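Undergrad: Copied straight from TrEMBL:
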{"type": "BINDING", "residues": "Q277, Y305, E326, D376", "note": "S-adenosyl-L-methionine binding site"}
{"type": "ACT_SITE", "residues": "C403", "note": "active site, nucleophile"}
Amino acid sequence: MKKNDDIISTAEGYGTEGEAVFMHEGSPVFVPYCLAGERAEIKILAVKGSVAYGKCRRVLSPSPDRVPPPCPVFEKCGGCQLQHMSYAAQLAFKTDLIKNTLKKIAGIEADVLPASASARQYNYRNKLVLPVGVNASGETVIGFYAARSHRIVPVDNCSIQAEWCSKIIAIVKAYMRGNGLKGYDEERRCGDIRRVAVREVGGRYIVALVAAKAVNCSPLADMLKKELGEITLLLNINRSQGNAIFGGEWRTVFGEGFFEGEDMGIKFRAGANTFLQVNDGVRTELYGEIVREAADGGAVAIDLYSGGGMLTALLARACKAAYGIEVVKEASICADELRDMNGLSGRMTNICGKVEDELAGVFERTLGERRVIVCDPPRKGMERSVVEAVKDSGADKIILVSCNPATLARDLGLLLGALKDEDGILKKDPTYAATSAYKIDYIRPYDMFPQTRHVETMVVLRRNQDKNTLK
């Protein structure tokens, strides 16, 4: 098998990114936008060692799970990978992905509950970030990046964004045309507008225009108010030559620059750069499950990588007390504001710093207390020292939340002892269950991101009472 070969084969399953896996001459061929069980004509695009990559020329026998994608730029835009797959099949794929990844990386064979569905399969995102650039002809384009590139695919709407997405795109286009502004050219490092970011908070809109230099935003504020109603507009000036979404300079053009909202009984303040899960319905379901598992009036909750403090506040309300550790200063400040807004000063403590530096201090402050640890790290997962500290904490319960199945499998394997570090090399230990201080209670994926390969997963671990003591 070599590049440009044409083959006919039947897909036997899926890869980790939702691509179909065909077998040919004993080697796997990864092909996006095909489904398991489909027979298809494939063109080989690349061969790397024993693995090949291809594209589908023609589906010869479609799967009953195949559905027509509603997006006109599906397969061009890099945002979605699964619009051609029925929603039931998407949930099954994500459930199997977690189960297979745990086994492959950590040797953990565990039951995984069926992925919890999103009430909205489309139009679910409450946050929008639109790159603004130029095409090969130098014309301004607004859209989304193609997969694994910074080439912008022009769009007028997006089916997974909230319904207001098309209005935002039209308004920004009209504003730029009317004011002689150009999209930013990343290669030549010139132009005016780099991107626009929008967050919806209860029917109100926080809009941030990211520009390479100061521009007059007053006309944009007027247009947004007319079309969207209650808005606040900020100008962010990003003069860097890198790919960071925002620069360090912020100016409030209209409104206060933030809106206050309420979710699950917790008041919060959201700005353009505040982290909140993008799917309101699934976030509420996930956080509700975490709180139900952690709720114990006699236990102290420790929330690692706690962000803006929403979950910490929910835990503080349900437990004896809650500690949140977050390295990003702005997020920690937001958590303090949230604590004060909700009258939780006596039960919620926010600590700004690296988890690996601050966790020992929290353990000292909670010495003798029953603990529940909640850990929702970034995609890279937990630092090794944090894993070891959590493993030895004596917590009654550990709740892991992750958006990356691979790092979840690694961290879970280390926590349970299914993975052993031997001179920097992780090796599987099939006998781990006999000596592990913790056992898996259950694993539940949540479909936070329908139509994409991404999945959020919650794992609940309970302490084996006879193999660990409280520290």
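Positions of Cβ are set from backbone N, Cα and C atoms, glycine also.
TrEMBL labels come from automatic prediction, so no person has curated them.
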Undergrad: With S-adenosyl-L-methionine as the bound species and Q277, Y305, E326, D376 as its recorded binding residues, calculate the greatest Cα-Cα distance and give it in Å as a whole number.
TA: 16
Undergrad: Using C-alpha atoms only, work out the spacing between D376 (S-adenosyl-L-methionine binding site) and the residue listed as 'active site, nucleophile' and round it to an integer in Å.
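TA: Distance (Cα to Cα, whole Å): 9 Å.
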Undergrad: Other than Q277, Y305, E326, D376, which residues of the chain come within 8 Å of the S-adenosyl-L-methionine site, judged by Cβ distance to the Cβ centroid of those residues?
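TA: Near the S-adenosyl-L-methionine site, beyond Q277, Y305, E326, D376, sit F275, D303, S306, G307, L311, P377, P378, V401.
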Undergrad: Rounded to the nearest angstrom, how far is the Cα of the residue listed as 'active site, nucleophile' from the Cα of Y305 (S-adenosyl-L-methionine binding site)?
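TA: With distance taken Cα to Cα, the residue listed as 'active site, nucleophile' is 13 Å from Y305 (S-adenosyl-L-methionine binding site).
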Undergrad: Identify, in sequence order, the residues in the chain of Q277 (S-adenosyl-L-methionine binding site) that are 6 or more apart from it along the sequence and have a CB within less than 8 Å of its CB; answer 'none' if there are none.
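TA: The list for Q277 (S-adenosyl-L-methionine binding site) reads R283, L286, M448, E456, given in order along the sequence.
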Undergrad: For E326 (S-adenosyl-L-methionine binding site), just give me the three-state DSSP call.
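TA: Note: E326 (S-adenosyl-L-methionine binding site) is in a strand by DSSP.
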Undergrad: Roughly how many Å separate the Cα of E326 (S-adenosyl-L-methionine binding site) from that of the residue listed as 'active site, nucleophile', to the nearest whole number?
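TA: About 18 Å separates the two Cα atoms.
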Undergrad: Over all shown protein chains, what is the count of other CB atoms within 10 A of the CB belonging to C403 (active site, nucleophile)?
TA: 18
